[in-house]
Amino acid sequence: MACPILGPKCSAYYMIISVWGVVMLVLMGIFFQIRSPSLFEDINVDEEAWAKHNMNLEFVKSSYEDNAVNCWIAAVLYAVLFVFSFIQQRMNARQTYETS
Amino acid sequence: MDALLRSEEMTLCQMFLQSEAAYACVSELGEIGLVQFRDLNPDVNAFQRKFVNEIRRCEEMERKLRFLEKEINKDGIPMLNTGDNPEAPAPREMIDLEATYEKLENEMKEVNSNSEALKRNFLELTELKHILRKTQTFFEEAHHHQQALHDPSIAEERVGLLGEDPVSRSGQQKLGFVAGVILRERIPSFEVMLWRVCRGNVFLRQADIDSPLEDPITGDSVHKSVFIIFFQGEQLKSRIKKICEGYRATLYPCPETQAERREMAIGVMTRIEDLNTVLGQTQDHRHRVLVAAAKNIKVWSIKVRKIKAIYHTLNMFNLDVTQKCLIAECWCPVADLDRIQQALRSGTERSGSSVPSIINRMQTRMVPPTYNRCNKFTQGFQNIVDAYGVACYREVNPAPFTCITFPFLFAVMFGDMGHGLIMFLFALFLVLKEKQLQAKKIQNEIFSTFFGGRYIILLMGAFSVYTGLIYNDVFSKSLNLFGCQWVFPSSVGDYRLEALKGTDKILVKPNGTFTGSSYPIGIDPIWSLALNKIAFTNSLKMKISIILGIVQMFFGIALSYLNHRHFQKPLNIIFDFIPMVVFLFCMFGYLVLLIFVKWLKYSSTTAQEPPSLLIGLINMFLFNYGDSEDKMIYSGQQGFQSFLVVVAVLCVPWMMLGKPMYLRYMKRYGQKPAFQALHREEDEDEEVMFLNMSSPSPHHSPNGTATSSSDNEFKHQPLSVNSGDLMGSRYEEEVIHNPEVNGSLHTEEGVEDEHENFSEVLIHQVIHTIEFCLGCISHTASYLRLWALSLAHAQLSEVLWQMVLRIAFRFSRGWGAIGLFIIFQVWAALTVMILVLMEGLSAFLHALRLHWVEFQSKFYDGTGHMFVPFSFDHIADANPDE
């Protein structure tokens, strides 16, 4: 049997973080997708770049969409991390069960 | 209802326990844990008490158990903890237990000494084995050198010495040698010492033993080295031996010829084999014994501690004259007298005693202990209150109110849905896994703090989610759940697209953009985009905190009314409670009303008009109305406000002088104030409770006559057993006023002294008044911390979002997701550590302060003493070393 890479505490930590990450980043992605005005300050738009694009609304829209996609990719990464740390957790549990 | 609001009604009882039944009875009482025994022999030192011997035996048993436990831990055998709670064994079982432990201990000691001896033996043999093996190589090397040494060009001393070895052996003088084993770290100094003392005339060879050896006494593994020293002459030999001794080196005899060495090596090997088997058997035996002990050791130690606790309690009892029965005095809740009687009865039955035990309520003027019945939910809140001060007997207990107000005030300072949710989920985990976590018995102090307060944290989290909803904050972002109520008609001049393109920021006037119906719950999300967001939330949060503070202070004063009524102090109601309410209302209650009026009266169309409340309040006390007649909220405001100020000022002398003047007047012209007499009639009539009415005890029978005898006789009866209906109210005064009767039995701690003279009352009242009036102002200001902390929390979470998480959104396209993946973790960790833990702690402390100082100072005395029942509960789960 393969040895777990993460310890029991570390894997639990990553499990919690990744559950949080998945939930929050999926929601954030949705909010970016619907172009929430609260998140306007968070998107990658500075005045100069925007001015170059002639204060175009499309530029802002695409920036919102980029961020939404980023959020969802990060959410998928967290989902992967969750699966990984979950497996680690199980391995740890089995190991302690066997040793005790 | 009353059970929650006030502490349990307590009574002092006397117990008469037959000496043979006393042990069983106390054990039963310990199981139910409802009585607090008083020490009746406080002057007797611990060694002169009756059951010293038994306690000593218990301590001896505990020592043995500790020894066993240490041995078990040394072997790493898991101790079985079934969590069952054995009853305290009967006294005669104690001998069996003692014998068992004695046997086990002796066996352990024997096994230990045997195995130690065996191990020492084993160590010596192993060392010898290594010596033989290593020296073999030394001698072989020497042999090699012998051939090489005929080359005279090598003039080095060491080689020379060795080189002469074969020569000398064949020739004039024989080289001697000594072989031994020494700790590896001592080798360098050992070598230097040898060189100096023997002036370089010895030759030392050493080699490390690869595998660490086990020290037989400490059990540590140590690294050692084999050495061999060649020398010439007897004098050197004795010197070397001295040095070896000094360095704690072990010397072993080593035969000189190879054949002998080989023979010896073989012998040693066989002996090691034999020893190994013996050692294995010893270990097995030890293990078996310990495993058997480990199964029972928890139960045993609980049993022993219970026995010890019982004897300790028995030591507090009085022995009566005939030595036949023990007299105990205890505090117990009135409501539980039945259960106590039941326990006594079953205790008597268990001991097989024919004479019943008797419990008997006593009259006393001592202040009873405070006992608040709690469940696992209220316990945490009760602890918060008790940490400030234990309530006086039958005083209003703030804990039930704290259950809601504490988490609520916390949440006002911690308002954020995201952080609240984290806290709530964490506490929910603790609550749902309660049983498992309790069974684990984690000793970590931080964890047990959280675990003990899990219901508090749960409520704090839930309330924070609510206040977060009101503040519309989720990790510093707002949610537009119900639709923003501000619209920007693109037809109107300022809000047309062309006009908007021209400017960076626009001023939004509520007049025309606000739809008129407000956002259903909480703050409209549009404020999160506004520049003046902080100015707006500040004004709102300040008003909210003033309202909450004033309401809580009024509530505290209202509770003081309950206290005055319960303790029958009508004077305090008239001269304390009423002026307090009036004063607080005139100053700040009115302000709260104005806040509501201002909220209700002005709509978005008249948003520019309303006057500032703060300035208005200041002007109200300065009677400064100037020309700002149009700034008034309602007509006649000036007159009404002036009236309120005058009333408030009048309240001060009312509070300060009213009570002392009245008392003085009554003393001079009237009778004794009625309330003082009322005061004393609370004590209830005493009554006798027979466990078994059919067979009253011999000590008890004289009381039957005592009841019918004259009150004079009754007074001198130390047991003062009587039934209430037989004591006419005529005698009540006398019963209460005979401290010499009760005084002989118990010390009069905390007996109230009733005589108060005028100046004392006056000074007390003046202090009280000043404290209250200044307190009103400073406490109201103190409640502004609700606003300050919630502002700080909101700002901090916003800063964290901007400084950390926003970086992730600013990455270029390709790296955005990876960057977000990494930075999100950092942000999440910081959120938990700084915003949830640190901010949570600070909000907790401030909420604590608001309760202790601002709320409880209005009604809470907190000078009582805690009811500490004699109970086995803590014995079952406590550490043995506590």
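Yeah, the Cβs are placed from backbone N, Cα and C, and that goes for glycine too.
Annotations in TrEMBL come from automatic prediction, not curation.
Here's what TrEMBL has on this protein:
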- B:44-128: coiled coil (COILED)
- B:692-717: region 'Disordered' (REGION)
- B:408-432: transmembrane segment (TRANSMEM)
- B:453-471: transmembrane segment (TRANSMEM)
- B:544-562: transmembrane segment (TRANSMEM)
- B:574-597: transmembrane segment (TRANSMEM)
- B:640-658: transmembrane segment (TRANSMEM)
- B:815-838: transmembrane segment (TRANSMEM)
Beyond the flanks of the transmembrane segment (B:574-597) by at least 6 residues, Cβ under 8 Å: 543, 546-547, 550-551, 553-554, 557, 560-561, 564, 613, 616-617, 633-634, 641, 644-645, 647-648, 651-652, 654-655, 658-659, 662, 765, 768, 772-773, 776-777, 780, 858
Non-local residues, at least 6 beyond the ends, that sit with Cβ under 8 Å of the transmembrane segment (B:408-432): 450-451, 454-455, 457-458, 460-471, 473-476, 479, 544-545, 548, 552, 785-786, 789-790, 793-794, 797, 831-832, 835-836, 839-840, 843-844, 846-847, 850-851
Intrachain neighbours beyond the transmembrane segment (B:544-562), with Cβ under 8 angstroms and 6 or more residues off its ends: 5, 396, 398, 401, 405, 409, 412, 573, 576-577, 580-581, 584, 588-589, 591-592, 595, 776, 779-780, 782-787, 850, 854-860
Segment-level pLDDT (mean, integer) for the coiled coil (B:44-128): 85
